[in-house]
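Worksheet: one structure, shown below.
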Ligand code: FAD
C-alpha cells in the first residue's frame, strides 16, 4: 500500500514545502503517490512528477478545487485514501484545514505536526508548545498525518518524470464558496522556507521603526522578515509574519531575533533554527538561553552597525 502525499501549490507553482513533506512521505517505507488537486494545475503536476521519490502523480482538476477548500478536498482525499496506507500533507494553512476533514470522513485520528517518522505507524511530534516531545503509535488502518516541513530536508529533483494520471473529482457539494483572498505583497523570500530570517519584537516601538531598521538588513541578507506576536499585535508587522506557537514555525539556517524577549510561545516557532543570533539589551532575556550568538546592547545602535558592516 502506497502513501498519498497532498501537494502544496497555488495552481501554477509547486511549493518548496512539498519536497520537504516528500522526504517525510518516503520515510513511510512505501511508494509515494502525489496528489495535485486544484484548477488548471497541469503545470504543477509536471513539476511534481520530477521530484525524486514520487512514483505516481494523480491530478484532480476542477474549478471548485481552485482554492483547495476543506469541504471538496476532504471528500476527494477521503475517497482516494481508501487505497493508501497513509495520507500526508504539510502542516500549512491548507493542510491544517483540509486533513482533519479527510480524517473525520475516514473515521481515523489525525496525527498533527509530525517532526520525525520512526516507522510507518510511529511518529514524533511536539506538544505543549514544544516543551515536550511525544512519540505516538497509531493503530488506525489509514494514517492521516500533517508534517512540519521545517523538520525535513527537501527531496531532490531529477530529469525523470513520474507518470501523471487524472482522477475523477467528486461533485461540488457547494458547502462553502470562495469570497476573496488578500495576499501580502512582498519581494522578500517566503518566511516558511527562507534560509535566513530576521525578526523584530516589541522593542521597535512603531511600524515605521520596525521597517526602517529591519528592511535594509533583510535586503542585504536576502532574508525573510518575521515578528513576535507583541510586534504583530502592536501593528508593527502583518499577521502573516508572526513566528511562534500561534504563528509560523520556521527553522532557517540563521534566525536573528532583535528586541524579542524569548517567550516560550515565540521559541516554539524558531528554536529549531540552525544558528540563532539574539540582540537584546537585557542580558537575562530568555532568548539568550537558545541563542548561539548573543549581543547584549541597544538594537538601535547594533542594527545600523550590522547593516554598515554587511
Ligand atoms: P517583550 O516580551 O515585551 O520583549 C521585548 C524585548 O525587547 C525585551 O526582552 C527587552 O529587553 C528588549 N528590548 C527593549 N528595548 C530594546 C532595545 N532598544 N534594544 C534591544 N532590546 C530591547 N508570541 C510570539 O512571538 N509568537 C506566538 O506565536 C505567540 N503565541 C502565543 C500564544 C498564546 C496562547 C499566548 C498566551 C501568548 C503567545 N505569544 C506569542 C506571546 C508571548 O507570550 C510574548 O508575549 C511575546 O512573544 C512577546 O513579544 P516580544 O518578545 O516582542 O515582547
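Heads up, the Cβ atoms here are built off N, Cα and C, so glycines get one too.
TrEMBL lists 202, 228-229, 242-246, 259-266, 280 with the feature FAD binding site. The domain 'Electron transfer flavoprotein alpha/beta-subunit N-terminal' annotation in TrEMBL covers 3-182.
Sequence features, as recorded in TrEMBL, placed on the structure.
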{"residue": "202", "record": "FAD binding site", "DSSP class": "helix"}
{"residue": "242", "record": "FAD binding site", "DSSP class": "strand"}
{"residue": "260", "record": "FAD binding site", "DSSP class": "coil"}
{"residue": "266", "record": "FAD binding site", "DSSP class": "helix"}
Worksheet entry | Cβ neighbour count within 10 Å of residue 245 (FAD binding site) | 18
Fill in: Local Cβ density at residue 242 (FAD binding site) - other Cβ atoms counted within 10 Å
23
Worksheet entry | Fewest Cβ neighbours within 10 Å, where candidates are the binding-site residues 260, 263 | 263
